[in-house]
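J.: Could you have a look at this structure, given as C-alpha cells, before my questions?
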C-alpha cells in the first residue's frame, strides 16, 4: 500500500509518500513540496496546488492519502489560508476517488514519537530513523508530511493486526 501524506500550507504544501510492504515494513518512496508565490492572488496559488498535486497523484498512484487536520491558531488570516489549501487538497483527492484520512498534530506526534507534546525536531528525527534516512528530510513541511504518512501507515498496520 502506498500512502501519500500532505501537510497543507499557503506558501508550501509538504508531501511525502511511504510504502507499506507485505511484511508490514514501511519504506520511503519520495518526498518534496509544492511551492506557491507570495504576492500572487490566492486563487492562482490554489490552482497551482491543485495542478501540482493532481500530477503527483497521477505519477505516484497512491492507494490512500493522509492529511493534517486544521488546528486552532491565534492568526485568523493564516488559519483561513491553510483551510483553503486543505480544501483544495481534499477536493483534488475526491476528484481522483482517493480515500483520505485526517490526523491532528497531537496524534501525529504521539504516533511517530510516542509523545503528543514532542517538538518539531523530535518528530523529524523519528521520521529520519524510521525511514532509515541519512539526514532529516527538508524542508520541514516535507518532514511533517512524511510524519503524517507514517501515522496513517502505522494506523493501517494496527488495524490489520486487530482484524
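Including glycine, each Cβ sits where the backbone N, Cα and C put it.
Here the structure is a predicted model, which means the values were calculated and not measured.
Pulled the feature table from TrEMBL, pasting it below:
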BINDING   7, 141  Mg(2+) 1 binding site
ACT_SITE  7  active site
BINDING   68  Mg(2+) 2 binding site
ACT_SITE  68  active site
ACT_SITE  141  active site
J.: From the Cα of residue 68 (Mg(2+) 2 binding site) across to the Cα of residue 141 (Mg(2+) 1 binding site), what is the distance in angstrom?
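T.: Taking the Cα atoms only, residue 141 (Mg(2+) 1 binding site) lies 11 Å from residue 68 (Mg(2+) 2 binding site).
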J.: Compute the C-alpha separation of the residue listed as 'Mg(2+) 2 binding site' from residue 7 (Mg(2+) 1 binding site), stating it in Å without decimals.
T.: 6
J.: Taking only same-chain residues 6+ apart in sequence, whose CB is under 8 Å from that of residue 7 (Mg(2+) 1 binding site), what do you get?
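T.: Result: 13, 14, 15, 68, 141, 142, 144, 145, 148.
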J.: How many neighbouring Cβ atoms, not counting its own, are there within 10 Å of the Cβ of the residue listed as 'Mg(2+) 2 binding site'?
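T.: Looking across every protein chain shown, the total is 25.
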